[in-house]
Amino acid sequence: MSRVSQARNLGKYFLLIDNMLVVLGFFVVFPLISIRFVDQMGWAAVMVGIALGLRQFIQQGLGIFGGAIADRFGAKPMIVTGMLMRAAGFATMGIAHEPWLLWFSCLLSGLGGTLFDPPRSALVVKLIRPQQRGRFFSLLMMQDSAGAVIGALLGSWLLQYDFRLVCATGAVLFVLCAAFNAWLLPAWKLSTVRTPVREGMTRVMRDKRFVTYVLTLAGYYMLAVQVMLPIMVNDVAGAPSAVKWMYAIEACLSLTLLYPIARWSEKHFRLEHRLMAGLLIMSLSMMPVGMVSGLQQLFTLICLFYIGSIIAEPARETLSASLADARARGSYMGFSRLGLAIGGAIGYIGGGWLFDLGKSAHQPELPWMMLGIIGIFTFLALGWQFSQKRAARRLLERDA
């Protein structure tokens, strides 16, 4: 086995272990934030939505800067620094008794993610061969789902005693992850050339097709990030312990269906068709959520939503990676998170505001119908973009 093949092989295992630690650290804390501050402390959902939206927007919106810096200086220092910063954010969250302190803790957490997330994504693109990326992204998603359930179960158990224990556990896991990267991650370059920060960012911004695709995905992420789902499950069930079953459903579906669906669909369908089909299922499953009154009906709709996500997400990741320029991988993968920044922030803040508005106006279906409509519009916009791309390709072939 050549040294390059050996590095790729070892790199896969490193990425999987690193991802599990990150997912556990995140899901121990974040699924319980809305329950802690909305249900236990009585804050308005919009206050928590602002905090979560701020974290999302900072982490993903500034990702192009984190990616461009990593293109210049390498992945390792950015990843280690970012993980320690997130640990500090979680520690601060444990003592948050005022909205401004929760917002500050989410700001720290988001800045940490800005530093470590783009280089980690770029490492996947660097180490995994193009023909294997779809399946590897599926494995990462399966791991995400299993880690989400384990983290949520652990966090729910710790929440019975003290929310500070929840945050301390998340912080310790990110410190361990930082140590793991500092000890074992080689000083790999992310791009084929050591690209200056400004040049990497400029290269992305001039790629109009990539920029349009990323910005359109904001509508997809408005659906994907919904903080209201745990609150809805809690309201219908009447107990916060029911939230863990929502994550258990996601894990079971992901572990049993994600990899087989990815393997089968990559042989029969284009990436863009898989992304659009998943998005359509997600959109249609959101619309009736506010109209259900039983937990069984709600979990059925959540199952449909997760199946849509299982179809769409590996295709989205693979499509984003395939569009990235190898000369500025960090910058491209950082910018690819901008749709998540915009959609996540609007989804969190707007979703929380609509949820409060729907409750006060006795129209609980309002936020869910709006999300479904946004998903349909995003579906149509992506369809138009992909049809334009195919038309341009046919024109070039005809001219040739």
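Even glycines carry a Cβ here, placed using N, Cα and C.
Owing to the predicted nature of the structure, the values given are computational and were not obtained by experimental measurement.
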F137 vs A321, same side of the membrane according to Swiss-Prot: yes
Positions on the same chain near the transmembrane segment (13-33), where near means CB under 8 A and six or more residues out: 48, 51-52, 83, 86, 90, 93, 102, 120, 123-124, 127, 139-140, 143-144, 147-152, 154-156, 158-159, 163, 166-167, 169-171, 173-174, 176-177, 180-181, 184-185, 227, 230, 243, 247
Highest-contact recorded stretch vs the transmembrane segment (338-358), from 99-116, 165-185, 214-232, 298-318, CB pairs under 8 Å: 214-232
Contact check, the transmembrane segment (242-262) vs the transmembrane segment (366-386), 3+ Cβ pairs under 8 Å, seq sep 6+: no
